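Annotation source TrEMBL lists domain 'CSC1/OSCA1-like N-terminal transmembrane' at 5-166. Residues annotated as domain 'CSC1/OSCA1-like cytosolic' in TrEMBL: 187-236, 237-280. According to TrEMBL, the feature domain 'CSC1/OSCA1-like 7TM region' maps to 291-558. Here TrEMBL flags 640-664 as region 'Disordered'. Per TrEMBL, transmembrane segment is recorded for 6-27, 97-116, 144-165, 293-313, 345-365, 385-404, 485-517, 538-560, 566-584.
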Amino acid sequence: MDVVALLTSAGINIAICVVLLSLYSILRKQPSNVSVYFTRRLVSEPVKRNEPFCFERFVPSASWVMRAWLATDEEILAVGGVDAVVFMRIVVFSIRVFIIAAMICIFLVLPVNYYGQEEMLHKQIHAESLEVFTIGNVKEGSKWLWAHCLALYVISCSACVLLYFEYKSITKMRLAHITGSPPNPSHFTVLVRGIPWSPDHSYSDSVEKFFSTYYPASYVSHQMVYQAGTVDKLMECPAAFVFFRTRYAAVVAAQVLQSSNPMLWVTQLAPEPDDVYWSNLSIPYKQVWLRKLATRLGAIAFMFVFLVPVTFVQGLTQLDQLSHAFPFLKGILKQKFMNRLVTGYLPSVILILFLYTVPPTMMLFSTMEGNVSRSERKRSACIKVLYFTIWNVFFVNVLSGSVIRQLSVFSSVRDIPIQLAKAVPTQATFFTTYVLSSGWASLSCEVIQLFALLCNVFRKFILRIEDDPSNCALTFPHHTEIPRLLLFGLIGFTCSVMAPLILPFLLVYFFLAFLVYRNQILHVYVSKYESGGKFWPIVHNTTIFSLVLTQIIALGVFGIKRSPVASGFTIPLILFTLLFNEYCRQRFSPVFKRSPAQVLIEMDRQDEQWGRVDEIYNQFRSAYCQAPLFSLDLSTAGSTGHHKDKKSSQDPESLNPVGRSSHF
């Protein structure tokens with residue numbers, strides 16, 4: 001691909017962005033679109049809709065840009081919670097690290113790459129191939145490869161320093177979220193699964209007997225989980241929410257092994273009431289490990305099936321192969337504009353269209369594997385989408401060719417750095433167009449909310465149905481947006497030293513993402529549940545992987561270019577990055593897995609001092625109110641009775657969601 005083809009792709013995407021952003025600035029002013037562009041406000045407070053006609057409503061403006069830019073982290077935290085702040089910290093981190101990378105690579109590495117062949121007679125830039133801007137243009141044994149090694153050190157050290165301070169800050173934010181939030185029933189509640197069946201007792205009786213015996217001082221009550229049976233019956237599931245007197249007692253009960261059989265009386269801290277994914281609670285715990293294994297195998301199979309469209313897309317970038325496969329296209333491809341459109345812009349667009357099928361598929365897999373909370377289901381889908389995109393968008397495109405070749409390049413572990421070192425510089429132009437189409441254009445589509453807009457038009461002007469704020473509310477799609485940001489981070493790190501021309505386009509994407517995502521968090525997405533920043537360890541680990549992969553690729557390139565000095569200095573950098581990751585894993589990661597006992601005990605003591613114990617206990621009765629099943633209110637049915645009778649667990653008259661009367 002030459003410079004003109006890249007500029008053609010950039011021009012198309014800039015035009016798309018300008019048109020969509022201008023259209024958005026007009027549509028958001030229309031009273032009929034309040035439910036699309038101000039959903040969060042519509043849910044939390046009444047919004048005036050019947051405004052008088054004004055010509056200004058039909059004039060594009062950038063007022064939303066300034067509001068998003070001036071918003072503070074405190075505002076983001078207030079409306080979106082810790083997860084929203086963590087997401088924006090990903091964008092801010094990316095902006096900071098790639099500003100540093102752009103400064104050193106554009107002004108130091110790029111000139112070295114361009115003048116790497118001393119005997120080369122350079123033509124005008126617009127007529128040249130973009131490969132002259134990559135490290136592939138530097139001759140073997142060049143003394144200027146120290147510039148690439150220096151840039152690699154600066155980028156890696158800057159990223160590690162920024163990662164450390166971000167991890168430290170987000171860890172403090174998570175602890176502040178735990179200690180500063182009002183008493184939450186989930187802090188006192190343990191979800192119990194794998195309750196053994198007994199012919200003499202109902203599941204509810206078994207739960208009460210077990211926890212009354214082994215936790216007599218801290219056990220308060222419990223609430224069974226139900227599933228629908230026939231029209232007039234409900235059935236108990238072998239799962240229950242068990243309530244404890246203190247947070248510390250709940251944590252202890254959640255973390256210890258309850259039985260000599262690990263498949264029975266399985267405990268974990270309960271998710272927040274709004275976070276519970278009720279339909280998965282009825283899954284027998286003995287099936288969970290099998291479901292997880294099956295869904296992981298399914299996700300891996302889906303990744304390899306996706307090799308077919310990716311290989312097809314890469315075939316479009318090879319003009320000779322395309323003309324040979326489709327002879328009737330030879331005449332069309334001789335036209336310069338069509339040539340640049342097909343080989344430069346079209347492949348990335350087709351790949352993006354195929355990738356739209358990935359998040360729903362991975363969310364389906366995450367649902368099937370048995371996650372009991374919506375946030376955990378979304379986090380699991382996020383990891384699956386991340387692995388998928390890194391494999392198919394990065395590795396498969398870098399090692400492009402036939403499927404057999406893509407699999408055979410990994411036949412020898414020692415060959416991997418060499419293969420990547422040869423391939424990454426040649427694919428930098430594809431990644432640049434991918435950033436333009438999947439980055440710039442997708443952000444414009446995100447802000448305009450095309451699907452929600454069409455649904456709103458259909459609902460209002462065809463079905464004539466009034467807006468229901470609860471039906472319009474959407475939660476932030478972490479499972480699609482975090483993998484996208486991390487993929488662009490991976491591309492940015494690996495191409496920064498190899499092909500630094502991508503960095504300006506990448507920075508534009510992250511600055512636009514900063515504005516768009518802030519606007520969406522403030523006005524569109526509704527925070528229904530909170531994971532407390534558990535997405536950040538995924539971000540940290542992926543960034544470390546990106547850094548180490550970049551260093552390994554650089555090591556291979558320095559070996560190909562016969563620069564033993566640069567290769568020798570790269571090895572300690574890899575070891576330093578791995579040691580840094582291990583330190584962060586030991587220092588910060590445990591806080592995202594377990595809550596500190598010191599913090600929990602202090603919070604319990606404060607509740608006693610302030611007299612909030614009775615108020616907290618009273619929340620237990622209605623906190624985990626299961627969705628109405630056949631119009632039966634489970635939150636009040638028999639909420640103060642003991643289960644001393646041995647009625648059948650199939651008898652609805654014997655079902656009591658709160659198994660022990662609460663004498664506080």
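We count from 1, first residue shown onward.
In case you wondered, yes, glycine gets a Cβ from its N, Cα and C as well.
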> In the same chain, which residue numbers or ranges, 6 or more beyond the ends of the transmembrane segment (485-517), come under 8 angstroms Cβ to Cβ?
Replying inline: 10, 17, 65, 68-69, 87-88, 90-92, 94-95, 98-99, 101-102, 105-106, 109-110, 113, 130, 133-135, 148, 151-152, 155, 159, 386, 389-390, 393-394, 424-425, 428-429, 431-432, 434-436, 439-440, 443, 446-447, 538-539, 542-543, 545-547, 549-550, 553-554, 557
>> Across the domain 'CSC1/OSCA1-like 7TM region' (291-558), what does the mean pLDDT come to, as a whole number?
In response: 82
>> Is the transmembrane segment (293-313) in contact with the transmembrane segment (144-165), using at least 3 Cβ pairs under 8 Å (sequence separation of 6 or more) as the test?
In response: no
>> Based on DSSP, tally up the residues of the domain 'CSC1/OSCA1-like cytosolic' (237-280) by helix, strand and coil.
In response: 15 helix, 13 strand, 16 coil
